[in-house]
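Copied from TrEMBL, the annotated features are:
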DOMAIN    A:20-215  domain 'ABC-2 type transporter transmembrane'
TRANSMEM  A:27-46  transmembrane segment
TRANSMEM  A:58-80  transmembrane segment
TRANSMEM  A:110-130  transmembrane segment
TRANSMEM  A:142-165  transmembrane segment
TRANSMEM  A:171-189  transmembrane segment
TRANSMEM  A:229-247  transmembrane segment
Amino acid sequence: MRDQLRVLKHGLIASWTMYSAYQTWRLWTFTWLSRLLIQACFYALIGRMLGSQQQVDYLLIGNVVAVMAIDATVVILISVGERQSGTLALMVAAPSTHLTVYLGKGLVNLGSGVAASTTAFLVLPPLFGVRLPWPEAALVPLMILVVGVSCYCYGTCVASFVLGFPSARWLALNVSYLVLMTFCGVNVPTSFWPDWLRAITSVLPMTHGLAAIRAFIAEAPASTVLGQLALEVCVGAGWLAVAAMSFTRMVRRGRRDGSIEFGG
Amino acid sequence: MSVRVQDLTRTFRKGKGWRPKGDQVTALDGLTLHVPEHEVHGLLGPNGAGKTTLCKILSTILLPTSGTAEVLGHDVVSGAAEIRRHVGIVFGGERGLYGKLTARQTLRYWAALHLLPDARAKERTDALLTRLGLADKADDLVETFSRGMKQRVHLARGLIGDPKLILFDEPTTGMDPVAARDFRELITELRDEGRTILITTHDMDEAEEVCDRVTLIDNGRVLATETPRGLAEMSGLHRWVEAETTLDVTGIPGVVGTETRNGLLRVKTTDDRAARAVLDFLLDNGVRSVHAVPPRLEDVYLDLIGRRGMEV
Ligand SMILES: Nc1ncnc2c1ncn2[C@@H]1O[C@H](COP(=O)(O)OP(=O)(O)OP(=O)(O)O)[C@@H](O)[C@H]1O
Ligand SMILES: [Mg+2]
């Protein structure tokens, strides 16, 4: 366990170093953050066009939380990056678990996503007349973090599959987060979907966490909020478990078919 | 025994996708190899002989098709986790590095993946950076390094986990002569520290100098395993005599041929006796810089593998 935490830590340090080689605060704020804020505004404006503050509330909160999903699933690209830099063989041949290494590597992006969603949550509601129950609303960023972690587990799981199909990485990334954007109650309530689809959304990350945030803002009883959050945590843990198995499987397949190359 | 490989076979299917349907390629064909502890063992052979495939199997990133391979007493299939703790791998080329990390950061990262506690990792990182002459550049980005310096980072990375067995796959590609000489010294030091080393190389002089024994591989099969010296003796190849002279020696029995390069006469003789006779003749005639040259590993290699040129 100590070993795994250390791997996580050093993966995080390394990915932070690599991330900050391309990214500065100013760059992040003026390109990435503003892009995500605009995305959330775009949907809120649709709500305004529809003419009801209720729609604005719904769409804005949904999208404020959802904008983090892109960052949380970028781990999909990172997993293939390992093949591109030729370090996959070294990683497999090292005694640490692959899952831990990967988990550590995408954490910086997760942080970026959570930061973006939190900023959006602090900045946008007043602009669109969305009323929040302050000071309790200060707890929402924590819930955003929970949703982020669970999306991250989901992303890691997809990453483990993409490791076997490197050419599908961009497709996988886009599909992964669009699925969340579309089906998890961001723009339309999950009740809109047929039962079978709703069953699927209930095992996707974000669905329960977002429901918890909405319930919290609507000042629903604490038990509802905590119940939904607990479900979100369970969903995340489920994806993580699948990711762990799938990484093991992908590596086994790579060892069998010879696709883990020295230097490639 | 550090490495015990028995009847090892590995085949690949050509083609792409989940289940390639192309022709079958045999990379290793019933290969048997034993490397005792504390030995520097060279793997020599032409392109496509199966050297890298063997290294991959020993480093647990590739499974054998049939046969067995044991590393440090653990089977590569069932004992991979144990093996990974004690094996270091280094391959040539510039890949396998993160350009945006410094040398020090690279080592700290891999130290964690090799499960070293932080204090120990720091100590080993500093020691390896110094040992490989990277101390001055320790905090520069790896992408700014020259090829030979990247290779040193690779070496340091391969050593970070304090491995008992080190697999080197063409480690000296891109090193300048000084670096290559330092590398040879490093290999000897590593052996003296009690490590076992398996090294593939196309540099015969290097193999001759550092290897206790070498194995010649061709088409996935072992042609011979011997000391470089023993291989030369065994091969029954010609002995050469070299001298700075213009004398004619072609009349001496046992002389097969002569060539002159930069004023240096090279005489090819059938065996030690003939070489002796040429030496005596030259010394009697007052030639001073004379010496007999046993066949070099390169000659043996060329003889055994054949002068196939570019054919693979
Ligand atoms: N992943 C793979 N898929 C298909 N064929 C492969 C694969 N890896 C190796 N081979 C084939 O196996 C044979 C042995 O390759 P290997 O890389 O082991 O040779 P090598 O001795 O290391 O050669 P070199 O000196 O060029 O590095 C070659 O014919 C190669 O084409
Ligand atoms: Mg090779």
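Cβ coordinates come from backbone N, Cα and C, glycine included.
At the 8 Å Cβ threshold, with sequence separation of at least 6, the transmembrane segment (A:142-165) comes into contact with the transmembrane segment (A:58-80) through 3 or more pairs. Recorded stretches compared: A:27-46, A:110-130, A:171-189, A:229-247; the one with the most Cβ pairs under 8 Å to the transmembrane segment (A:58-80) is A:110-130.
Counting residues 6+ beyond its ends, the transmembrane segment (A:110-130) has Cβ neighbours under 8 Å at 28, 32-33, 36-37, 40-41, 44, 47-48, 53, 56-57, 60-61, 63-65, 67-72, 75, 140-141, 144-145, 148-149, 151-152 in the same chain. Same-chain residues lying 6 or more positions outside the transmembrane segment (A:229-247) and placing a CB less than 8 Å from one of its CB atoms are 97-99, 102, 143, 146-147, 149-154, 156-157, 159-161, 163, 202-209, 212. Taking Cβ pairs closer than 8 Å, the transmembrane segment (A:171-189) reaches residues 43, 58-59, 62-63, 65-66, 69-70, 72-74, 76-77, 151, 154-155, 158, 161-162, 165, 197, 200-201, 204-207, 210-211, 214 in its own chain, all 6 or more past its ends. Within the chain, the transmembrane segment (A:27-46) has long-range Cβ neighbours (under 8 A, six or more residues past its boundaries) at 55-56, 59-60, 62-64, 66-68, 70, 112, 115-117, 119-120, 123-124, 127-128, 187.
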